[in-house]
Amino acid sequence: MGFLNGKRILITGISSKLSIAYGIAEAMHRQQAELAFTYQNNKLKNRVEEFAKNFDSKITLQCDVSQENNIKLLFLSLSEYWSKFDGLIHSIAFAPKNQLNGDYVNKVTYEGFKIAHKISSYSFVCMVKECRMMLNPNSSLITLSYLGSKRAIPNYNVMGPAKASLEANVRYIANIIGPEGIRVNAISAGPIRTLASSGIKNFRKMLAYCERVAPLRRTVTIEEIGNLAAFLCSNLSSGITGQIIYVDGGFNIATMNEL
Ligand code: NAD
Ligand code: 0WE
């Protein structure tokens, strides 16, 4: 029997088979979780419906987190299938393309800063706010972060402050919702080729750099992220909350490995 048997988990952020959220769905399906999915817009509707079938799920719901009332409606619609559920995967980030290149101080705009924080950080606490009453005890909430929250990484720019905000959000949500028996954690993933990273300047060089410098001397896969997410949604991780857990081959703990 899978260690997620009987758990109902809502997964956001699938837009292709490369998506980190897709790797999470695969790992959770393998452990016999019951899954539901959201898609950002109608362009993605058919694709996500096909993916859902592969995971034996009939539940696919539209949700663009830039519209706060979309998030409210999402959980109203979900409640027609599930009155209560056990986990939420937030795998969503966005900043306007022109913000992710060049001199941070010159390029940042209030509009870019606002959008990055709204979509990549506020949306997480907003989703928690709207589904809180539907969460069973022992539920687990997970978001995806990146080392750019703690270290200044070229071109990550305004997404760095947005991920720092997301990680602080994890701690504040965990502290408030813990007494309800609900756990909240972030997975900080190393760089992985997905739609969100494919257009990034020097992304290939960044992958190669990680292969040279990370203790494991390789990059990580969406399967490896998925396996941690499955563990974090299971009762095997019952004592873990408020944490930022790295799945990056150890990259974040090393330095001077190039010497
Ligand atoms: P992806 O492009 O597959 O997923 C990003 C998702 O965000 C997409 O499915 C997209 O539909 C969704 N999204 C964007 N704006 C949205 C909105 N307004 N409403 C609803 N959904 C919206 O890329 P990914 O790499 O799988 O990214 C998932 C998460 O992982 C992000 O939080 C990202 O920051 C994080 N992450 C990625 C990497 C990497 O190198 N790929 C590393 C660390 C963390
Ligand atoms: O969080 C991310 C990517 C987030 C992202 C990606 C895009 C591309 C398309 C946010 N907004 C947009 N907007 C778009 O228009 N990652 C962790 C992947 C990533 O992105 C980088 C990286 C890494 C790693 C950008 C610069 C430097 C490194």
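Indices start at 1 and increase along the chain as displayed.
Cβ atoms here come from the backbone N, Cα and C positions, even for glycine.
Among GLN40, GLN243, the residue that TrEMBL places alongside GLY13, SER19, ILE20, ASP64, VAL65, ILE92, LYS163, ILE192, ARG193, THR194, LEU195, ALA196 at the NAD(+) binding site is GLN40.
Cα-Cα distance from THR194 (NAD(+) binding site) to TYR146 (active site, proton acceptor): 14 Å (rounded to the nearest whole number).
Rounded to the nearest whole angstrom, the C-alpha distance between TYR156 (active site, proton acceptor) and ASP64 (NAD(+) binding site) is 23.
Secondary structure at GLY13 (NAD(+) binding site), as computed by DSSP, is coil. Annotation for ALA95 (substrate binding site): spatial neighbours GLY112, ILE115, ALA116, ILE119, SER120, ASN157, VAL158, MET159, ALA162, criterion Cβ-Cβ under 8 Å with sequence separation of six or more. Taking the Cα atom of each, ILE92 (NAD(+) binding site) and TYR146 (active site, proton acceptor) are about 12 angstrom apart. LYS205 (site 'Involved in acyl-ACP binding') sits 12 Å from ILE192 (NAD(+) binding site), taking the CA atoms of both as reference points.
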